[in-house]
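Peer 1: Straight from TrEMBL, here's the annotation block:
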- 28-332: domain 'ABC transmembrane type-1' (DOMAIN)
- 338-588: domain 'ABC transporter' (DOMAIN)
- 564-593: region 'Disordered' (REGION)
- 27-48: transmembrane segment (TRANSMEM)
- 69-89: transmembrane segment (TRANSMEM)
- 149-176: transmembrane segment (TRANSMEM)
- 188-208: transmembrane segment (TRANSMEM)
């Protein structure tokens with residue numbers, strides 16, 4: 001399914017469950033499904049035969065007929081063995097089908113989540129909580145529950161038809177007089193059983209309808225609790241410096257209190273449902289015996305026939321009781337579908353929402369912004385650019401007051417900011433790299449972290465060692481194969497130098513730095529920037545930085561001012577000599593040749 005095929009309206013349950021059954025995998029999946037349904041048919045046939053054999057076996061025992069007992073015993077043993085084997089084949093087939101379905105759905109959502117900038121936009125806008133839990137856990141539970149419900153429903157339909165016919169055939173006719181008239185009801189036990197379980201379904205729904213919302217709240221509360229624990233692990237050092245352990249413990253306890261309170265509500269509501277069902281069933285448990293007793297006492301049926309009636313009544317009752325037994329599971333299934341519907345809706349919006357800031361590509365060599373106006377998510381104006389061009393090998397330094405939109409401008413250049421208007425044009429066959437203040441370092445080998453997002457096989461060890469040395473990290477050049485949690489192990493300055501080394505390795509045509517060296521001391525920062533200038537002579541470098549000493553390493557300067565103050569215009573200058581002049585606020589844009 002691509003973006004053009006999805007809808008920004010809230011997706012239905014079918015849009016969550018059906019896509020897998022429209023892929024090329026559907027043929028094998030349907031074959032497995034047919035095998036499982038055939039097994040259910042075979043199991044139903046075995047149950048009917050077992051019922052017939054049980055009646056004969058009971059009569060043979062009462063009559064002490066050994067000649068009948070022996071073959072009936074052997075035949076019933078074979079039937080039981082066959083039923084057991086079919087049951088395990090059914091479990092294997094159902095588990096394998098669920099695994100294939102889950103695999104497809106998981107990879108499908110991973111691709112939609114990470115294939116575009118949806119993962120960033122959803123977190124940026126706070127559109128959805130715990131999407132990782134929904135993909136990892138909810139998809140698995142939903143697939144297993146959906147397959148189980150569908151196959152159980154097929155089995156229930158088959159068993160209901162089979163046992164209804166069987167109970168109808170063995171229950172005979174109930175004859176009685178009432179209000180001066182003689183009455184005869186054929187298959188009367190079938191009517192009694194259906195009335196009993198219809199009343200039980202109504203009772204279950206009345207007692208358990210609140211479980212749908214409670215189960216959804218439980219999933220959300222569990223995800224929020226786990227997320228706070230992950231935050232504690234990822235920011236352990238910063239929290240330790242603040243001595244914030246006790247406060248984090250309080251926050252975790254508060255989050256867990258939500259989990260506990262909601263779980264208690266689920267437990268109590270589930271108890272009410274189960275207790276109500278059990279009490280209802282207990283009072284009606286003697287019903288099949290009482291209904292069959294008149295036929296036995298009148299001599300119309302034997303004791304073996306009565307055993308068959310009780311077994312058929314019990315089998316049909318067990319089949320129909322599935323709806324009551326599955327009620328709590330069904331409410332959890334509905335909660336899972338609602339959570340995945342929320343995820344589908346968020347992904348659809350991310351894929352389909354057109355950005356007012358148009359990002360296009362052209363065959364030229366310049367990177368440019370035209371009529372660019374940047375806003376906050378709530379619509380507050382930040383800054384604007386009428387016309388800004390960056391050519392290869394130019395080095396731009398962007399400055400301005402805090403909150404004016406410097407980092408937002410870089411996000412817009414990366415295609416990550418959709419609040420505003422205007423156009424951004426990028427060269428078509430160029431490589432871009434954006435370095436934020438804190439770069440991502442994946443867990444694994446140092447070489448893998450250095451080569452990210454490329455594969456470590458794309459670069460030689462010698463290349464990696466050299467860029468580490470050039471980035472003021474000579475001691476790490478011998479640790480390429482060491483595996484660690486580098487995001488936690490390295491200091492902020494070391495992480496920024498690894499990001500610079502990554503840049504020298506990838507050699508982008510356009511490099512955007514958002515205070516990417518702010519954690520370094522001035523001398524080291526100068527050397528690192530000089531390494532970028534020397535190592536990437538043909539690359540355009542666009543920097544957001546505050547230290548004036550870096551101005552000498554840039555050839556151009558862009559000064560941003562708030563939109564109301566600048567009237568949508570900013571000054572751009574070319575630096576000359578060893579020291580770059582600082583531009584003053586102006587209502588004109590001009591470029592020095």
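Every residue number used here counts from 1 along the chain in the order it is shown.
Note that Cβ sites are derived from N, Cα and C of the backbone, with glycine treated the same way.
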Peer 1: Counting Cβ pairs under 8 Å that sit 6 or more residues apart, are there three or more between the transmembrane segment (27-48) and the transmembrane segment (149-176)?
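Peer 2: Output yes: the transmembrane segment (27-48) sits against the transmembrane segment (149-176).
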Peer 1: For the transmembrane segment (149-176), what are the same-chain contacts with Cβ under 8 Å, counting residues 6+ beyond its ends?
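Peer 2: Distant Cβ neighbours of the transmembrane segment (149-176) are 36-37, 40-41, 43-45, 47-48, 51, 94, 182-190, 193, 291-292, 294-295, 300-301, 305, 308-309, 312-313, 315-316, 319-320, 322-323, 326, 329-330, 333.
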Peer 1: What else in the chain is close to the transmembrane segment (69-89), if you only count residues 6 or more beyond its ends and a Cβ gap under 8 Å?
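Peer 2: Here the qualifying positions are 39, 42-43, 46-47, 49-50, 53-54, 56-57, 60-61.
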